[in-house]
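Chemist: My structure is below; once you've seen it, I'll send some questions.
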Amino acid sequence: MNPYVLTILLSSLGLGTVLTFASSHWLLAWMGLEINTLAIIPLMARQYHPRAIEATTKYFLTQATAAAMILFASTTNAWLVGEWDIQQLTHPIAATTAMLALALKVGLAPVHFWLPEVLQGLDLTTGLILSTWQKLAPFALMLQVAPTVNSSLVVTLGLLSTLVGGWGGLNQTQLRKILAYSSIAHLGWMVLIMQFAPSLTLLSLIMYIIMTSSAFMTLKTNNSLTINALAISWTKAPALAALAILVLLSLGGLPPLSGFMPKWLILQELTKQGLPMSATLAAMTALLSLYFYLRLCYAMTLTIWPNTLAATTPWRLDFTHITLPLSLVTMLALGLLPLTPAMAALLNL
């Protein structure tokens with residue numbers, strides 16, 4: 001892609017998100033979301049592959065539907081209440097419609113069906129942008145809308161997403177689909193606590209972005225797209241493979257890794273709020289996710305690719321990837337758990 005075009009698209013991507021962050025009026029927020037969607041579509045379709053085009057079309061139709069629902073909800077609220085302000089979305093119908101539209105935008109269950117299919121059709125770099133940056137603007141709106149929505153709906157969305165995210169990833173062999181279901185499960189954890197501790201949702205979102213970035217960059221460096229391809233990752237880069245296993249376990253939420261921090265604080269907060277059953281169910285669904293992360297770890301460490309060639313193998317050639325971003329996010333994905341008391345004090349938990 002032409003570097004000038006790429007610069008314009010990435011700038012528009014940033015502009016759309018910042019515009020949504022800075023807006024207090026529904027139309028301005030909607031405009032930011034639209035700029036965001038239109039900026040990523042050429043990035044998704046740049047591969048000239050039927051699957052990439054199909055993924056782009058599915059993404060466009062889904063996002064257009066969600067944008068229309070947001071516009072409908074905000075117009076309904078303005079008509080019934082006389083307010084365009086985002087935090088004044090007080091009418092129950094408008095608030096519920098807006099919440100479901102934003103759930104569709106980020107890919108929460110039960111409106112998650114587009115996410116694995118779209119992510120499967122993209123390359124890993126665009127998939128990383130879709131899984132991280134594209135979640136920021138809708139989440140900023142969800143945090144503002146959540147206080148006016150029925151709490152049962154929000155908790156149900158969260159629990160259903162953690163369940164679907166764990167269940168859906170069990171029988172997958174494509175790594176991009178596994179990461180898509182992982183994304184759905186993590187988003188479920190964030191939504192689950194959204195009404196009770198919004199600051200904790202933000203902490204979870206930051207941790208999710210760090211861990212997912214590390215996972216995507218590792219797969220890109222190894223050039224792995226399926227579970228079978230992971231078997232040669234140890235031969236390519238043993239140190240990276242060892243760290244990748246820890247990153248996957250961090251995504252699963254195992255102590256003493258960073259991914260345990262948000263899960264621990266969320267379960268603690270749910271129990272404080274008098275929702276022990278929701279906390280138990282969320283913890284049980286985390287075991288489903290942990291199973292497919294362990295499956296990937298097994299493929300990387302305990303299976304050996306048949307290697308009978310005497311010639312120089314292609315993965316021993318000089319390494320040309322830029323690895324500084326990967327090393328930074330991997331370090332953060334593994335070592336932030338000791339900061340948990342500081343985070344809890346900072347967030348007044």
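Glycine residues also receive a Cβ, built from the backbone N, Cα and C atoms like all the rest.
Annotation comment: TrEMBL describes 23-288 as domain 'NADH:quinone oxidoreductase/Mrp antiporter transmembrane'. Look at TrEMBL and you will find 290-343 tagged as domain 'NADH dehydrogenase subunit 2 C-terminal'. Residues or ranges marked as transmembrane segment in TrEMBL: 60-81, 93-115, 152-170, 231-254, 275-294, 322-347.
Thinking about packing and proximity, how do these listed features fit into the structure?
Modeler: Tertiary neighbourhood of the transmembrane segment (152-170): same-chain residues 96, 99, 103, 108-110, 112, 116, 146, 177-178, 181-195, 275, 278, 281-282, 285-289, 291-292, selected by CB-CB distance under 8 Å and a gap of 6+ residues from either end.
Note on the transmembrane segment (275-294): residues 155, 158-159, 162-163, 165-167, 169-170, 172, 178, 181-182, 185, 188-189, 192, 248-249, 251-254, 263, 266-267 of its chain, located 6 or more positions outside it, place their CB under 8 angstroms from a CB of the stretch.
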Chemist: So what pLDDT does the domain 'NADH dehydrogenase subunit 2 C-terminal' (290-343) average out to?
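Modeler: Here the mean pLDDT over the domain 'NADH dehydrogenase subunit 2 C-terminal' (290-343) amounts to 77.
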